[in-house]
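Everything on this sheet refers to the single structure shown next.
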Amino acid sequence: MAILQFKPIYKKKIWGGDRIKLLYSKQESQEISQVGEVWELVDREEELSVLEYPYGSMHNLHELWINKKKEIFGKKSPSASRFPLIVKILDCQLPTSIQVHPDAEAAKSFGWEKKTEFWFFLDVYPGSFVYLGFKEQIFADQLAEIIGKKEIIAYINKIPTLRSHGLLVRSGQIHAIGGGNLILEIQENSDTTFRIYDWERKNKEGLSRPIHNKEAMLSLSLFPYSPKLLSPEEIFILENNFAVKRIELGFEQASFHPMHGDSFMYLFVCEGKIRIEKNLYKKGQGILVSANHGPLKIIGKEKKNEIITVAFP
């Protein structure tokens, strides 16, 4: 049985901001400007979550996955060679690019990685929004005329965002995050993103980021999509590879979880402070509770305590 913490990985982005520093006081982020992403949990060749404290002879997420899969991650663990999820914080001071992640069919055909993701809005500035899915069916010849151009924005749903609400973003759907959103993102283990339009911006060297119109044409769902912003009470997501749940606790209110070996549970403290056993975890901290932990009791330590949990479905 174990409760594990990992060292965050900070990513500078052209659209990043400073709210991660201000809200979560993550020490390493203080020295980095425009922190756009914090990778809280990841097992990839290019990026790997390292344990705050070693677990026996194991020092990172991949070693745990290879050597202690059943004990730590549970009987529901898939046969994947790497831990199949990524958890990130996104601080979008400016809008991200208009983009798409390939769906399963495109990924299989071209050797890409599919990615469905869930966004939980940790904080939003007034008037914030996201783009997600086409309003109406788009035909290939239409798409060929507008892809890579500003005109494509008029064809995409624009959804106002609210704090503590959520949105499921399926692979194949065109999307972008507008400026002002701070998001906890739970996603399949993929880093395949095809950029469609990037607001004609350039970096400090005067260079534009690459655009992937050919790949996007092969990946986009052209059918109309009606996204639904989920209220706090509706956040109970069951996807093929992940389950996400929101928990809200008052002061000294408790939440009980059997942890009988089926799945790990990753907890992220969105608001307030919680106690598990003798340890306190504050806003902005994430922990991984092993599947074999046994009965787990989470106690709220402030007036309002908000937690997002992630597990295998």
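Note that Cβ sites are derived from N, Cα and C of the backbone, with glycine treated the same way.
Nobody curates TrEMBL annotations by hand; they come from automatic prediction.
Owing to the predicted nature of the structure, the values given are computational and were not obtained by experimental measurement.
Sequence annotations record features per position, and here TrEMBL assigns active site to ARG195. Annotation comment: TrEMBL describes HIS101, GLU117, HIS175 as Zn(2+) binding site. Annotation source TrEMBL lists domain 'Phosphomannose isomerase type I catalytic' at 4-109.
Shown here: features listed in TrEMBL, placed on the structure.
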residue: HIS101; record: Zn(2+) binding site; DSSP class: coil
residue: GLU117; record: Zn(2+) binding site; DSSP class: strand
residue: HIS175; record: Zn(2+) binding site; DSSP class: strand
residue: ARG195; record: active site; DSSP class: strand
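Of all the recorded positions given, namely HIS101, HIS175, ARG195, the one with the smallest number of surrounding CB atoms inside 10 A is ARG195. Across the domain 'Phosphomannose isomerase type I catalytic' (4-109), DSSP assigns 29 helix, 40 strand, 37 coil. Listed in sequence order, the residues of the same chain lying 6 or more apart from GLU117 (Zn(2+) binding site) and placing their CB within less than 8 Å of its CB are HIS101, LEU168, VAL169, GLU185, ILE186, GLN187, GLU188. Across the fold, the C-alpha of HIS175 (Zn(2+) binding site) and the C-alpha of the residue listed as 'active site' stand 10 Å from each other.
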